[in-house]
Amino acid sequence: EECGPNEVFNTCGSACAPTCAQPKTRICTMQCRIGCQCQEGFLRNGEGACVLPENC
């Protein structure tokens, strides 16, 4: 699968990945999900792009 900038494909990524709105990793009991996730150190913004925290 093609991923966007600053993303990586993960076969078992967190279903509760950190975002600009919720930057702290939260306790997650949901199953892992297959798909593109932000690279380490990046957060998903409101438009769905992976950005550095200072660009949120």
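From the backbone N, Cα and C atoms, a Cβ is placed for every residue, glycine too.
In the disulfide annotation of Swiss-Prot, Cys50 is paired with Cys38 out of the candidates Cys38, Cys56. Looking at Cys12, Cys16, Cys36, the record from Swiss-Prot puts Cys28 in a disulfide bond with Cys16. Note: Swiss-Prot links Cys3 through a disulfide bond to Cys36 (candidates: Cys36, Cys56). Of all the disulfide-bonded residues given, namely Cys3, Cys16, Cys20, Cys38, those whose Cα is no farther than the 10 Å limit from the Cα of Cys32 (disulfide bond) are Cys16.
Using Cα positions, the member of the disulfide-bonded residues Cys12, Cys16, Cys28 nearest to Cys56 (disulfide bond) is identified as Cys16.
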